[in-house]
Amino acid sequence: MFTDATSTLFTISAHAMSKESHSTSHHDNKSASSQHVRKWSKIFNFFRSSSSESKAKQSQSTKATLHHLSIVSAEYSVDIDHSISTTEIKSLASNAQPPTLPTGPRLNIFPQNIKPPVVLITLPNFGASIDTTPQLALCIGLLPKVGDPTNQQEDPSQVLSSGTVAQLAWINSMKQDPIEQERLRWLGARMVDEFTKDTSKDSTEIAEMVLIGPMLDNEHYRRLLSCTITAFDHAVLDVDLLQGLVQLVQSAPSEALLPDDLVKILRILRVRLQDIHQQSSVHPFHLTLAVSRLLDVMAEHKVKDLDRVEEHEPLSGVLSGLKASSDPYLMYQACYAFQALQYVPNNESPLQAVLRHSTGVVDGLVKVSAVFKLDLGAVLEGLGKLQETLGGVVEVTGSVYDGARSLMESGRSVLESMKEGLGLGQKRPWYTAIRAAYALAQAGQLKDLNTLIYEAPCRRDPLFQWGICQLLGEIASDTIWDTSVRLQAIALIGELYRDDSEWDQDESVRTWMQNIIRQLGATADQVVSTSAFALSKYLNQDQDTAAYLPYPLRNRLHLPASSPTLARVQNIPPLEYDLHKHKALRLEQSRNSLYIQPLAKANLRAKDEDTFPLLEKVLEFLASERQVMLTLGDSGSGKSTFNRHLEHRLWTDYKQGGPIPLFISLPTIDRPDQDLIAKQLRANNFSDDQIQEMKQHRQLILICDGYDESQQLVNLHRTNMLNQPGQWNTKMVISCRTQFLGTPYEDRFKPLPADHYAPGSQDLFQEVVIAPFSEDQIEKYVELYAQDPQPALAFSDQAVWSAKEYMDKLTTIPNVKDLVKNPFLLTLALKALPRLVASNKDLSSIRVTRVGLYDMFIEQWLKKNQLRLCMSTLDKEKLTVFNSLVEGDFIDCGINYLLRLSVAIFQEQDGNPVVQYIHRHDKESWKGAFFGTGLEAKLLLEASPLVRTGNHYRFVHRSMLEYFFSRVIYNPAKVDEQDFHSSIETISSASLSSDTNGPLFQRSLLEEPSIIQFLCDRVRLHSDFEQNLRAIIDQSKTSSNATIAATNAITILVRAGVTFNSADLRGIKIPGADLSGGQFDSAQLQGADLTGVDLSRSWLRQADLSHARLEGVRFGELPYLKVEGTVWACAYSPDGRMLGVALWGDGLGIGIFDTSTWQRIHLITATEYVMSVAFSPNSQRIVSGDMKGMVRLWDCTSGEGLLVMTGHTDIIRSVAYSPCGSRIASSSDDKTVRLWDSETGVCFFVLKGHIGMVLSVKFSHDGRQLVSGSNDGTIWFWNSGTGEPGIVLSPSLGVIASLAISPDGRWIASGHEDGNVRLWDMVSGSSGPVLQGHAEAVEGIAFSPNGQLIASASLDRWVILWDASTGDFISKLDGHSGFVLDVTFSPDGLTIASVSNDRTVRLWEASFSPSSVEIQDQIGDARKVAYSPDDSSLFSFFRPCAFREGDDTTGTHISVSIELSDPESICSQAFSSDGRRIATSYLDGSVRLRDPSTGAAGPVLEGHSSPVWILAYSTCGRWIASSDDDSIVLLWDLRDTERRYVLVDAGAGDDSEIEGLKFSPTGHQIAVCSNGGMVWLFNPETTVLLASKKLMEKAILALDYSPNGQQLALGTHMSVALWDLQSDELNLELNVTVRSEEAMFKCVTVAYSPCGQFLASSNADYIVNLWHRQLTEGDIESWLCAGALRVFHTFIVDMSWNPVVPTEFITASMDGCVRVWRVSSDDGAVTVRMLRGTNLRTLCSTGVVLEGATGLSPIHQALLVQRSACGMGMLSYDYGSDDGSEDDDGYYYGSEDGDGYYYGSEDGGGPDNGSDDDNVSDDDNVSDDESEDEE
């Protein structure tokens, strides 16, 4: 009810503010303007600035009396009570008062409605200092609301005319300056901080905060409110603080005030009121007034559930108690407060109220109030007494005001009425009428107020009259109103007093009116005081002057005459202020509407699907003790976008004194390795003093973007001494492109611990890799893109698409979905798609590449900017230049400008993408041609995809620079040369091979993988570019000037998948080239300069490297060690100089190898088989455990036995040395662990507890604990000093076969019999992740020395590398052919050694280096391959679930056509001959058909009841045959899939199993074979059995028809048998020699060539045998084994011959490799060369000729010897392969014990070949090919 000017300043009614004139129809013409316009006008209409002198004078007058300001409160709007509307108020009054009540004569003292009053505040100049708190409040009030898009887009021109031109200009300037906006908000927030810290709050400071509070955001307002509540609650009653608290509540910003706040304040006020209401009436008056105002606010906020017992009734009691006061003013406030309380419902239900008031409800007027709390629907009791009670209440209601009227007519005063309770206990209309009156006055609706005073139905109520007099007195006393209005208010009081008969009935009202007039007569305003004095004299001429009462007309705080709080805030040290300026700038710059939260994975080796939200991981890092987080990602993966979003998030959350986010674009910093932070802060305009303050007292979060672009190779954290004593306290988040890193790269980022003696810094470093976009992320981004108006504006010539249209096209166009997993490419694709689709009708034929997207984007960008410039207003000179550019083709000119700029950046700045241009200094440099004042340059710069930040220029994305540089090397479009006064010229493709000044000839591209990737796309798209690059390679043979270009060219071609099989590369010079993964089968490289070439994973089979230069060549692998027996265990010496291995075999024991030469230096002979070995910490001794339970100690130098420790009764499984070297631990099958003295051999302890064999024992890092694992499934901890047992872990994974402890002692890794590896917390014993990947028991496990890797060795023949920090799979190390029994890391962590029963020690590079461009197409194990009938396509099926179609000519993949669900359930696959259908069989016995081009599902064939393992498609496509686990063969007719035929039920007759199904070439016959030697022939048309014969005693595992369909080739594990179908017996059996027991497995294939001259077969020995058909005299058929392909290292699962080119065939192996071969026969000599291959993951050097080659290191000589290179006679190193030699009749590859295998011999490998001829050429023979696994 009672208000003050302060609350009015900020909550003036929007309705009133929207009026321009003194309208008499104010309510009928409410503004329809938007909310944000009302907000602006509201502020202006109150804080009305004055620019004229007259207004300035008036302003001075107003300011001089600011402390007298009083105006009705804005919160009392017409719709004042949200529970009772204005209409309801009038209705309630009219219903309560008889309509026939007489009224006095109505006088229009207020003749019209006017504009609401305003306080004149001078608006400061834009950007000037704020002098006063009212100015600051005004300025903050005019700011756009943070986060409100409506306000952000306000148009100040819509502000009403009360805003001057200067004011509108101020708003416009403010909108354009987010820094100034933030400065003002910061000042307001700091005032709250300062007020909170101030313990003594005077009235001026309180008034300041009351002014500023409503302008604050919710967070800071609530802080201010909380502080004020607390201060009031803990202080002696402070009237100023009380008024400030109430005014804060009244003027609260929307949504900042909560119901709980109001209840809390009310409770405090009620308690205070209870304590002092019996004392002087002054304090109770202020408290009651505050309660009244607070209850008004609570009613407006619809606060509900005020506790009846704790709050409602106690307050009602206190207010009722005030009726005993003799002070009518206090009693009126109590009455008003009680009425307000009725509108704040308590938590009593209507039914509870009925029950409580049911007795005596009609006994008095006070209890009638209960009726208004009842709702008929709430009456739940019976109709008896309750219905009677309700009726009585209603009846009484009708007589309420009759009783009130009788009271007044009886002469009883309002004082007596209040004392007896009149007006208490019920809702009365006078209360709502008073509130409506205040709302009208506040809105300037004075004429309406005049009407209300005379026509209100309750106007005769003395309480209404009291309140109206109070209101008129406030208007008359408030200088904010015009003097005329104030005089009118005095006049109306006098009129009511003098001439209104209804206002002279109560003496208290008359007395109150006299006191009001008397107070007005004492005001400083002479006009008002004179008028009031005259009226007072007139009214009291015949009466005694009433006693003056002590209360003012209003009770509120004055506007602050000074601004002490603001002054203190402005004296805050400038650092925090400047930080907030910087914050505002960065928040504005880092905002991004198109943003999708990226996902990340733990490291480069983790799977793309094993992801987590990146932001969560970074925030987790910031809360941890780690110091550096490396964020990796491909180019365009969103690293910089995320960094900017992270900065935005951190600045948004920033609190004063908290960590400071600092975004650093590393390429913009000169020498970032030194003084990095200070350089960036200076660039952000921080002073040296501020920098020192931050260094000494603050923590910084460094967001370092673009490590790769900064051309840095150093550790920035270390070189800048971060987190060192006395240095910067930081957290660093640093990003880098994945392709930029070599291996190892962690040391470039790991921090240096402050404690140099602490364990390694791995715990201070964390790594994440941004994962490609998932489908869900793509869809979300597309939705945002489709909703964003910017693309439509940028590319207005294109159709506007919906998100669904974009997604449809992304799905339909082949390969696009794979490309757009990269966020930047997704953006380019979305911009290019509309145009791309518009120009292509057949979307499935579109081939989209990465470089193609860039091409289209650039052309669109330049075209759009050409159009923009064309529509712009250009001056005459610019228009002339622009027209010239258009005539010369503007797009070509723009491209040429960007091409030359990219070359200049690489030439002048070594590729640093940021160009700093300061015109004064750089206008004469190369930069001037691009960024200077020339009109052409300015126009093209403006049209180019470049961004400018200050004086720094860069491409919109780093990849754009690389794209243009690649386009300089090969530009598919003609580029018009433009004269920019630059020496840089664009290179066309035609001059590519001859221009030795071009970038291809002058700059190595090996460190620019993104440029290489663009050029790879060009190679695939443009055949002429490939030919140009080949020409450059040839040019290097004769010109040294072409060396760099040739190195670049061959690297590009290899990366693009171009093969060099059989190529003539003699004499080429390509030093340093990256040929990793390249294919050079039978290539001629004689005399080539291959210095420093990377040949990792290259296919060099039969390549001729005679006389080549091989210095520094890299193969990516190490030679293995061939030993005499099974190798059971291995261990490195701690100094890294020796490797010890446990050898099984007669006369064997422990072999010790020198790791520098890998020569065996000792063979310690043991009497028993050695099971385990371990070196002493000083590397001088080695301990072993053997089969007899003996622990022996040996001298490493002499091999002498030193000690024998006895005590175990069974096999020793594991031995370990303590870190101090004084003790040895051993574990045994006798279920014990023993601890020995290493000097004396004395047994200290026998540790018992396991109930099974103890298979592994390890010492903890500090030697204090032992950890043992057993086949009883438990892990025990022991105290090594006392032998006492500790905790026992019982994993659910079963037998513990091996253990390892991390170097930092934090983790245990356990290897289990089921193939799993589990990690455990060493301290707590809690379990960590389970690493799943092995199929058999994990016999060995080891941590790398730095703790980052785990290596595990298993009986499944694999060594697997894991990421120790995440448990993620890294890679499988493939090479052993037997059980892998142990594994260990070298002390330097660079080498892994593994041992096996295959008699080898394999050495692996732990830090293997992936190629600069990742190997493509590694999608799984290849299981099925086939040609299309026309030889145009290759079809392949890969496990787990991908079908792929490829171009047979180039080998490139057309598309991944289909990915099948539930891959683990797939058993077999078959293609239709045209590749248009694929059949897959499943474990549930079903066979499902699909269209691979669309993925559409076809029929499901159901009939089998067990897994279907064999499928066959007929050539005609009509039939499918299938065989299941029960050896039932079904035939399906696809014309009617409901019909099926049982051909064979082998399981019903014998134990044989079906092994093969094959349709004849014509499809008229089907053959079935079994492992029982049976063959069945059927006619599929009739299902008639044509033949059934047992042809062999061997298992027939595969079969194939000859091209004429008259012969079957039958494959067994040791032979291939030929059977003429007209014969009853086999014609011929071709035998092969089996090298290993593996060949007995059922992995056999056999295939005829279409010409019938060749037959290919394979068995499980990883060998493909090629048989050549011979006709001898008398047309006797014979077959010669022309040779064997020994280049496979896993099973060959399928083979198929080309139907068009009869000498070409394809093989698929279980490692995912698909290879295409070509057979040729010249002069009877058969040769086989590989045409191409995919997924070739390992080095193949079989048959490489190295005669006369120079520079090959000894280690690589040994490697090539093992890999069967030829011409290695000059090599002297023997790495255990001392029996291998070349035989005159073939090639013999032998192991040390003479187990050799003979191929290509005269008898062809078997006695039944029928030929004696040697038909194998000596130099190209297939038998030259030796598997890398050959022992």
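Using N, Cα and C of the backbone, Cβ positions are placed for all residues, glycine too.
What TrEMBL says about this protein:
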- 171-538: domain 'Arm-like repeat' (DOMAIN)
- 628-786: domain 'NACHT' (DOMAIN)
- 1163-1204: repeat 'WD' (REPEAT)
- 1205-1241: repeat 'WD' (REPEAT)
- 1247-1279: repeat 'WD' (REPEAT)
- 1289-1330: repeat 'WD' (REPEAT)
- 1331-1372: repeat 'WD' (REPEAT)
- 1373-1405: repeat 'WD' (REPEAT)
- 1501-1542: repeat 'WD' (REPEAT)
- 1787-1801: compositional bias 'Low complexity' (COMPBIAS)
Intrachain residues whose Cβ lies under 8 Å of the repeat 'WD' (1373-1405), provided they are six or more past its termini: 1116-1136, 1139, 1141-1142, 1153, 1155, 1158, 1336, 1339-1346, 1349, 1351-1361, 1636, 1638, 1689-1690, 1711, 1738, 1791-1792, 1828-1829, 1831
Beyond the flanks of the repeat 'WD' (1289-1330) by 6 or more, those residues with Cβ under 8 Å of it: 759-760, 762-763, 1252, 1255-1262, 1267-1277, 1336-1343, 1345-1347, 1350, 1352, 1354, 1356, 1362, 1364, 1366-1367
Long-range Cβ neighbours of the repeat 'WD' (1247-1279) (under 8 Å; 6 or more residues past either end): 1210, 1213-1220, 1223, 1225-1229, 1231-1235, 1285-1291, 1293-1305, 1308, 1310, 1313, 1320, 1322, 1325
Composition by DSSP (helix, strand, coil) of residues within the repeat 'WD' (1501-1542): 0 helix, 22 strand, 20 coil
Overall pLDDT of the repeat 'WD' (1289-1330), taken as the mean: 87
DSSP-assigned states of the repeat 'WD' (1331-1372) in counts, ordered helix, strand, coil: 0 helix, 23 strand, 19 coil
Helix-strand-coil residue split for the repeat 'WD' (1205-1241), DSSP-based: 0 helix, 19 strand, 18 coil
